[in-house]
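Taken straight from TrEMBL:
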- 31-50: transmembrane segment (TRANSMEM)
- 62-84: transmembrane segment (TRANSMEM)
- 96-115: transmembrane segment (TRANSMEM)
- 127-147: transmembrane segment (TRANSMEM)
- 159-176: transmembrane segment (TRANSMEM)
- 183-213: transmembrane segment (TRANSMEM)
- 186-328: domain 'O-antigen ligase-related' (DOMAIN)
- 233-250: transmembrane segment (TRANSMEM)
- 292-308: transmembrane segment (TRANSMEM)
- 320-340: transmembrane segment (TRANSMEM)
- 347-364: transmembrane segment (TRANSMEM)
- 370-388: transmembrane segment (TRANSMEM)
Amino acid sequence: MFIKKVSLLALLLTILSGTFSLNRLNLGFSFEIRYILFSGVIFTVLIILGQRKKLVLASINGYIIIFLLTTFSYFFFAVISLFYTVNQSAAIEKTILMFFLMALILGVLFSVSVMESHEFFNFVSKFFIILGIVYAGPIYLSVISGADRGDVILSGPNVATRILFFAVCSSIYRYLLNQKNLYLILSILFLFSIVLVGSRGGLVGAVLTLVLLFLSKKSLTGWKIKMNVAFNYKYLLSILLGLALIYIIYEPVKRVFMDRVIGTTFNNDEIYTAGRDIIYLQAISMIKEKPLFGYGIDSFTVLTGYVYPHNLLLEMMLEIGLLGAIIFGLFLLFSIVFIIKWRGSSFVVFSGLPLYLIIVQMFSGEFYDFRYYFLWSIPLLYYSVVNIEKKSIVDHNKLI
């Protein structure tokens, strides 16, 4: 059990590390830390395989196969496009990222196959709550000290909003599981910290996802806070602590929201897009010229000078054309299915994360930043099948 958690921890840290290089630490050499962390994943996987007589992937059925084929087909055609891309030498780095992302996906699949659903989500939720606290602390301190927006030390604002929303969902999950007010307070603090970061796309994605999850519930009973709680000092202390925190953070949250989100977006009677409108128009114009096969992997950067299109759909179409749009549509379809399939479960709050990641990827990031989509989609799909199979076995035994 311990080695499984170590393996999952190494995998989560690998995914979290992104493209962080030791060169940023001024050590005199450059090496991306994800390779060190992933070697730990491989090592622990080998230990787990050595302890098991056989690896049982009981739930690798049609649904998961379709999902994996959809995912790997994009990787396959993106790699094939290397042969007709504008600059092959410049595209090599992104091609390597594609292969590494495939390895991460297989790592996630392995982790969920050797862990029960409650084990996996309990560990992951604790991980992101702790990480959320690490991220939120400096954000609150900087804004309370007078900064225009939250100071993100460990990463950029786009990554921070993703991590913080994972922490929001993890806290809600543990509140629904344990009914502890601490998790409810943490979820509110993490949500406010997303506002303080000032990432408009991240805030829009978070709000839309929570609203969709709320509306998808068959009934509201799962979201109601129990009011028949017997009076005790712990309950009173939780209320007082919550009110005190709201009092402290209300003004900073209001200031950042009005200045950064509202003020910046609707400045001078115009909607401020940070140049994305220009990038989108250029990307759409390029797609119209080569709609069927696209320009090949990483061609947008070479042809325009922009790092990436800041839009997942445009990026996929620019690289492999119409097929990219079809695969994007399938990713979106899977995201909607997850919400519908898990709406009656305690894991419902995690079911909206794949859709959330699609929403935020429409405003920022490149395809490798989409790796979190697979971190959540694979367990949601895998465990939904496991639960169905277990229910069928239980029903069969009852009949016997």
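Cβ atoms here come from the backbone N, Cα and C positions, even for glycine.
Bear in mind that TrEMBL entries carry predicted annotations, made automatically and left uncurated.
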In contact by Cβ distance (the transmembrane segment (320-340), the transmembrane segment (292-308); 3 or more pairs under 8 Å): yes
Other parts of the chain folded back onto the transmembrane segment (62-84), taken as Cβ under 8 Å at six or more residues beyond its ends: 91-92, 95, 98-99, 101-102, 105, 109, 293-297, 316, 319-320, 323-324, 327, 330-331, 334, 374, 377-378, 381-382, 384-385
Candidate ranges 31-50, 127-147, 320-340, 347-364 - greatest C-beta contact count to the transmembrane segment (96-115) (under 8 angstroms): 31-50
Beyond the flanks of the transmembrane segment (347-364) by at least 6 residues, Cβ under 8 Å: 117, 121, 158, 161-162, 165-166, 169, 172-173, 176, 199-202, 204-206, 208-210, 212-213, 216-217, 222, 276, 310-313, 331-332, 334-336, 338-339, 341, 370, 372-373, 376-377, 380, 383
Distal contacts, the transmembrane segment (320-340) - CB-CB under 8 A, six or more residues away: 67, 70, 73-74, 77-78, 81, 212-213, 216, 287, 290-294, 312-313, 348, 351-352, 354-355, 358, 373, 377, 380-381, 384
